[in-house]
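Engineer: One structure coming up, written as structure tokens, with questions to follow.
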Amino acid sequence: MWYYEKKLEYPVKVSTCNPTLAKYLIEQYGGADGELAAALRYLNQRYTIPDKVIGLLTDIGTEEFAHLEMIATMIYKLTKDATPEMMKQAGLDPHYVNHDSALFYHNAAGAPWTATYIQAKGDPIADLYEDIAAEEKARATYQWIINLSDDPDLNDGLKYLREREVVHSQRFREAVEILKEERDKKIFF
Amino acid sequence: MHTLRKYYHPYISPFDPCPPIKVKGYETPPNLYMGFQPPSLPQFEPKKALAYGTLWPALYSPYPSPPVRKEVNE
């Protein structure tokens, strides 16, 4: 089970009215390497991974939901006061037609989130390598969004999220090292 | 030489509906340990290499793992 704390993991501030940024940020909300995909991937894989690394997947999967909440807050702030005309200028008119200013799990190109974005192979090494790859892809996505954004306050939050991808990748690599260690040899012959 | 298969004891609940599998295993193929392949490694003779799919014993990863390592499940 989970406990909920009614606050964000890191403060989200958006200083410029630029709904176009929401169009980019939605990639990290409902995209293939977004926070939703990450959370669901890790929290699902943990059932069939050796006990030593279950806790890591629980912790990181949970933190991904905290990141999802930050991204949602950014998108919400950028679109809640946008008029239909502003949404149109931001290239968000298809989103507006479908959802008004509601958030939805789709990527920057409008493709809805799908479980085919994630995998649970059951082989611990294969699953952890997928997780490492996902973290690196999410890091790259944050870099490209930061490159497109000229809002320093928004970028501050994005830089924090990018740094967390770096740390998560490192932890998954350590998990691989744990699974590579020779142990429990004595009980076999 | 590293083992190509590792084993662990998963948590077993007293309320599990099915008889527990007490030991589970997973593959750790040799490429996990090699890093950048060093030069001049020993090679299989050509016919064996063709059959195995690799020139180098250091990268040979038989599957399922050789039956010499029998799993003890108690």
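Every residue gets a Cβ built from N, Cα and C, even glycine.
Automatic, uncurated: that is what TrEMBL annotation is.
Since the structure is predicted, the reported quantities are computational estimates derived from the model, not experimental observations.
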Engineer: Going by TrEMBL, A:Glu64, A:His67, A:Glu135, A:His168 bind Mn(2+); tell me which of A:Glu5, A:Glu27, A:Glu35 is listed for that site too.
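Structural biologist: Answer per TrEMBL: A:Glu35.
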Engineer: Could you check the binding-site residues A:Glu35, A:Asp59, A:Glu135 and say which one's CB has the fewest neighbouring CB atoms inside 10 Å?
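Structural biologist: Per-residue Cβ counts within 10 Å for the binding-site residues A:Glu35, A:Asp59, A:Glu135 bottom out at A:Asp59.
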Engineer: Any same-chain residues 6+ apart from A:His67 (Mn(2+) binding site) with CB under 8 Å of its CB? Would you list them in sequence order, or say none?
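Structural biologist: Long-range Cβ contacts: A:Glu9, A:Gln28, A:Glu35, A:Ala38, A:Leu161, A:Arg164.
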Engineer: Under a criterion of Cβ-Cβ distance under 8 Å and sequence separation of at least 6, what residues of the same chain contact A:His168 (Mn(2+) binding site)?
Structural biologist: A:Ile60, A:Glu63, A:Glu135
Engineer: Looking only at Cβ atoms, how many others are within 10 Å of the one on A:Glu64 (Mn(2+) binding site)?
Structural biologist: 24
Engineer: Which binding-site residues among A:Glu64, A:His67, A:Glu135 have a Cβ sitting under 8 Å from any chain B Cβ?
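Structural biologist: Going by the Cβ criterion (under 8 Å to chain B), the binding-site residues yield none at all.
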